[in-house]
Amino acid sequence: MRHLLLALLLLGGARADDEEKKEDVGTVVGIDLGTTYSCVGVFKNGRVEIIANDQGNRITPSYVAFTPEGERLIGDAAKNQLTSNPENTVFDAKRLIGRTWNDPSVQQDIKYLPFKVVEKKAKPHIQVDVGGGQTKTFAPEEISAMVLTKMKETAEAYLGKKVTHAVVTVPAYFNDAQRQATKDAGTIAGLNVMRIINEPTAAAIAYGLDKREGEKNILVFDLGGGTFDVSLLTIDNGVFEVVATNGDTHLGGEDFDQRVMEHFIKLYKKKTGKDVRKDNRAVQKLRREVEKAKRALSSQHQARIEIESFFEGEDFSETLTRAKFEELNMDLFRSTMKPVQKVLEDSDLKKSDIDEIVLVGGSTRIPKIQQLVKEFFNGKEPSRGINPDEAVAYGAAVQAGVLSGDQDTGDLVLLDVCPLTLGIETVGGVMTKLIPRNTVVPTKKSQIFSTASDNQPTVTIKVYEGERPLTKDNHLLGTFDLTGIPPAPRGVPQIEVTFEIDVNGILRVTAEDKGTGNKNKITITNDQNRLTPEEIERMVNDAEKFAEEDKKLKERIDARNELESYAYSLKNQIGDKEKLGGKLSSEDKETIEKAVEEKIEWLESHQDADIEDFKSKKKELEEVVQPIVSKLYGSAGPPPTGEEEAAEKDEL
């Protein structure tokens, strides 16, 4: 997998950025789009602010749900109703984004996901019931776009203005297709994603802002909900350089939860003979409680898991100890040390050469993980300065500040490096390298090749990434043909192959026949995994339509609630001798009671009525009540619509 890492330079005059500053992009936000949780930050008044959502939480679950009433929920509200609506609550879209249907990790994941994942155009798509008996299929990009929209709205509510530009982070191990799909998700959400940067590097930026002196080797250990990355960075006089990176795109807190779940499912089967897996809702209830218990075990030694009417009416009650949790996951915990060992080897450093260890991601709160890291580094304490949940968004916000043209960032400029070698296949399946690993990008390299046989009319250019000498052991990125080569003996035609990588790590490969000027090229992101511009446009329109539908639905619900609260408020006041009940003649009281009961009955059988119906029913009720109350109060004022208003009127 080709991925980019960032080197951070402190330059006196940030010339590279002056170009970008010419375009006024407004406030650029930094978004950590996580597998399980997302976080948004902004560079404001010379410092980073991590922004809390409407629930007051600084991290937002990367969840989207569709209720039977046709309402779409995003974030906390979606996660909170997971147990009651598992088939239509979508999470872990990041596990699917930019991947093909046949990807073994996709096939592995869909076994555990409670919602339906289907194949469409050789890619995984998510199928849910969006209410009213309607089924809809979404690309993972669309689900991620909904989460990004939530983060965008969170920032807009805080800033009090529109946000259109963002820096979004991805795991260092994301390949081109996954990076491009993440950018597409931004486009669908109405965001111009100015940069895609790697999570561990973003964390290092957050960490590096306060520690600009001296020469240091920093190891970033990032274990989140779904991915694991280790990066080794060096800082020398304010220059960050990424020396090596490693990890596992498929290891995180959710995998630890899964182990505990499997343990309790087996235990329950052993005790009762019943298989809980048959009941999606029971499994999801267990998942929620297991996650809670896991968090509790970071600060205490045991946690109770209690679930009322867990399965077939029976309750569930078990204790999970920290020791048992560690035992169930010990192989996974220990496996995190292999990538650490690998980055040290790749960068020719000894354990004792590491100056700082930075722990990032919620799973690094697990005491056993902290202990293993500490033991690996012979007792060295990891740094505690950064909130592990927010470090990535913090770094993204710093980079967003640079792109906003915010002077207070001290003219930081980011340079990317490409830590996997890129090349093409030549005769015998040999990997011929054009761009070596750790080359600073943007970059451009060319080399002349020729034909392998006489009168060969076509050459096939196969583009690979990886460090192995034979292409079969490396990762194929894309293939294209250069045709129309005039007949000539082998070795005579001159074919120039050019590799070019831009700042976002998107690779373009061109082949040109120097004799004829014939050219062909490939942009590696445009493989079969990439959404077409038409699909993106359709998804953007869908997203807007959803926003419009959400607004209409909210207006309808508001109108229903207004009628309902008006009717019940009147009912309460008529029944209260201290209020209207004690002031009305029995005839007037009966008139209002009858009208109110009529509306309440109508409401019960017309929950799905139109906004106009709710409004007209409220008006009908007002027309009955108004003259009676006006007569009572001796004025033409409107009737009391609630107890507070009634109290205010009494004071008048």
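Cβ coordinates are placed from backbone N, Cα and C, and glycine is handled just like the others.
Of all ranges given (273-276, 533-536, 573-576, 649-652), Swiss-Prot attaches the label motif 'Prevents secretion from ER' to 649-652. Swiss-Prot assigns the feature region 'Interdomain linker' to residues 407-417, out of the candidate ranges 330-340, 352-362, 407-417.
Taking all protein chains in view, 22 other C-beta atoms sit within 10 angstroms of the C-beta of Thr364 (ATP binding site). Taking H, G and I as helix, E and B as strand and the rest as coil, DSSP gives the region 'Substrate-binding (SBD)' (418-498) the counts 3 helix, 42 strand, 36 coil. Taking a C-beta cut-off of under 8 angstroms and a sequence separation of 6 or more, Ser298 (ATP binding site) has the following same-chain neighbours: Arg365, Ile366, Pro367. Neighbours of Lys292 (ATP binding site), defined as other CB atoms within 10 A of its CB across all chains, total 12. DSSP assigns Gly34 (ATP binding site) to coil in the three-state reduction, outside any helix or strand.
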